[in-house]
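Engineer: Please see the structure below; I have some questions.
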Amino acid sequence: MSTCSSSEIAEKKRIALAKLQAKKSQLLASAPATNGKSTTSATGATQHANNGKSNPNQPQAKSPLNFYRSPTGEQKKINRSGPTPGDNKSSSFLNALKAIKQTSNRELSRGAAHPYQRPNGGNERNKPTLSLSSDKEKPVAVLLGNSITCNLYLISTHRFAAQTSGYHEQLVTVFKNMPTKCYDGQTRIWSFDLSDYQSLKTHAADLKPYVHMNGIPKKVLDLCGQPPVVPERSVLASIEPKLADQLMPFQQDGVCFAIAQKGRIMICDEMGLGKTYQALAVADYFKDDWPLLVCTTASTRDSWAKHIMDLLPKVPIHYVQVLNNNQLYVGEAKVLITSYNMMERHEDKLMQRKFGFIIFDESHTLKNSKAKCTTTAKRLTDQAKRVVLLSGTPALSRPLELFTQLQMIDGKFMNFMEFTTRYCDGKQSTFGWDANGQSNLEELKVILHLKYMLRRTKVEVLPQLAEKNRETVVLDPALVWTNAETKETLDAFNKELKTAKGRATEEILLRFYARTAEVKTRAVCAYLKTLVKEQKKFIIFAHHRVMMDAISDFLSGLKVHYIRIDGQTRSDHRSDSVDTFQKKSSCKVALLSLKACNSGITLTAAEIIVFAELDWNPSTLAQAESRAHRIGQTKPVICRYLIAHNTADDIIWNMLKNKQEVLSKVGIFAENLQKATHTAAPTSSHKIEEYFSPSTSTSLEPERNSIKQYFSTIPAKEPPEQNNNTEMTKVNKAESDIAAFFNDDDDEAFLELDI
């Protein structure tokens, strides 16, 4: 729902009051013409009352409490408080006083609820009087035209657009007089060259107060007015030859652009395009500004150290240090690699070292401006000369997450209020300043790509890369809803979500998310059993421990060789597990934590990626997909999302759709999860549609393993005891069929596995 500013509310109120006063004046102006009729009617009624004659069949007229005449004009105008036929003088006078008292009380009640104070004498305007005298009323001029808002924003480095909240003829005339005008009939948006910006604002200023113009910030215009920076490829000659020779053409372009921006840049290429190589190349070019600080996730510290020693052989090994619990001495290290947690804990030591070049890997970790880790990073960047931020997903769900990262590159661009008001639809709410929205995203995209951010997708720079396809697999409901208690629990969560508001919704959804993981375990394991038979290497991503433990136990029971990496896996064991999956053909499955392993590892040996659970952010899922779909992948990759209907999956999938639309407008998310092919998991039960559309099912009797067997409440016509025995027999038979499916380990496919 759109909101109005206080100035817009005041303007609309003023216009409404003016129109009301004008209407009132018009009615009062016509009062003399009808005054004679009212007087005649009143006199006749008085004489009739004095004679004591009244017609019992004639209904008594009641005094109206408004100024409006009869639509037909044929009915006589009755004085507001004058005597009516059949009434005597005293009763007429008492009725008039009663009407005045009732109207006065109504006016007081209405005035108390009004958000603004009425003008002086405002309470008197609708009170009934004993006459229609217009001596106190003065005509008010009627305002012509409507008040609208016109928002101006950039759509490219040399053009801007104008979007209006309504139609205004004079404003359209101003648009048509601009030399570089262009009108889009589909979106109904005007666009112009930046050379017409000042002229348009000057002419639109004459239309106040009917047109309120929201202009482009001066800082944005100044940024567009700067001469373009032309990268020079000659700078590549100053980079370590071993590293420069391994850079692909698009990576060389990225290095040149970063150097042209004086080493303060966000490299946000899509996952798997070698951001690490580009960052090290830029750091090597500015090696005179070292010492170098690399902040990354805890699981990728050793990987960074390995890359530095391999790609920059001129850096002595003893000058490269990894900051961990065992190595807390910073000393004279030329290159220090630390996790974000260790950076926060040892802020003072790092500040004393005065690093001149800083690399923040997975920089979206710093999205929260109030987090201690972010404030530490901001202090370090303030004293550093060069800052490079690396992230394939710089914002996970909303534009606000970009602010802190932009501040680390250019702290003078915009402050918090300016940025959130312009690009986050910032406004004051009951709970404070609300900056979780989005606005002017096209302009934000232009600014990011103009100076601050470098982003390329795999489709753009690696058209020869193996294809990636997505599929959503609907799990067998008979394996999800295994008892009546499960169905009641899920139904209860769905009902709570429909009535909950605010933070209560988030809490319920989190519990719903955890419960969904529990009920999906059997169905997920059943699907994995069919997948193992294909003898292809695949990755399984899960989040909750209950899901990971269930899959781990299931694979162990099938005697499948697999690796498991989660948040508790040590970094040295982590790298060994990755090597095992990549190099050993007998290792078929990699069971990974969705949070701990969505970045920083390469598993191109996998052909299939399975998501046993969803995540709140589309960027997290895209990062996880890129563990296999990246440089070095030679086979097509299939990403399968296992969905259970009527669970939290339905809600989260819709949330992912909305978030990816916002991120796509900013130009930092190129994937489309909604284009996934929909399939159904193999099931021995009846058609899957009957579980979700029972009204259209043509089956009269429940089939084997049908979910209806467990929740049927229609009693049969047989005796109660016999009915109970029959139902128990059906349930036991269904459960035995499911158990037989899981315990069927004598398949020929398993005998051929290379274990």
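Placement of Cβ uses the backbone N, Cα and C atoms for every residue, glycine included.
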Engineer: Candidates are Ser63, Ser693; I want to know which one Swiss-Prot annotates as phosphoserine.
Structural biologist: Ser63
Engineer: Of the ranges 69-72, 73-76, 361-364, which one does Swiss-Prot flag as motif 'DESH box'?
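Structural biologist: In Swiss-Prot, the motif 'DESH box' feature sits at 361-364.
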Engineer: Ranges 7-27, 217-237, 490-510: which does Swiss-Prot label coiled coil?
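Structural biologist: Of 7-27, 217-237, 490-510, Swiss-Prot gives coiled coil for 7-27.
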Engineer: Let me know how many other Cβ atoms fall within 10 Å of the Cβ of Gly272 (ATP binding site).
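Structural biologist: Its Cβ shell of radius 10 Å holds 22 other Cβ atoms.
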Engineer: Can you check which residue among the binding-site residues Met271, Leu273 has the largest number of Cβ atoms within 10 Å of its own?
Structural biologist: Leu273
Engineer: Give me the count of other Cβ atoms within 10 A of the Cβ belonging to Gly274 (ATP binding site).
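Structural biologist: For Gly274 (ATP binding site), the 10 Å Cβ neighbour count is 19.
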Engineer: When you measure from the Cβ of Glu270 (ATP binding site), how many other Cβ atoms are you left with inside 10 Å?
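Structural biologist: Summing over all protein chains shown, Glu270 (ATP binding site) has 25 other Cβ atoms within 10 Å.
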Engineer: Who sits close to Thr276 (ATP binding site): which same-chain residues at least 6 apart have their Cβ under 8 Å from its Cβ?
Structural biologist: Trp304, His307, Asp361, Leu390
Engineer: Using a Cβ cut-off under 8 Å and a sequence separation of 6 or more, which residues in the same chain sit near Lys275 (ATP binding site)?
Structural biologist: Ile267, Asp269, Leu390, Gly392
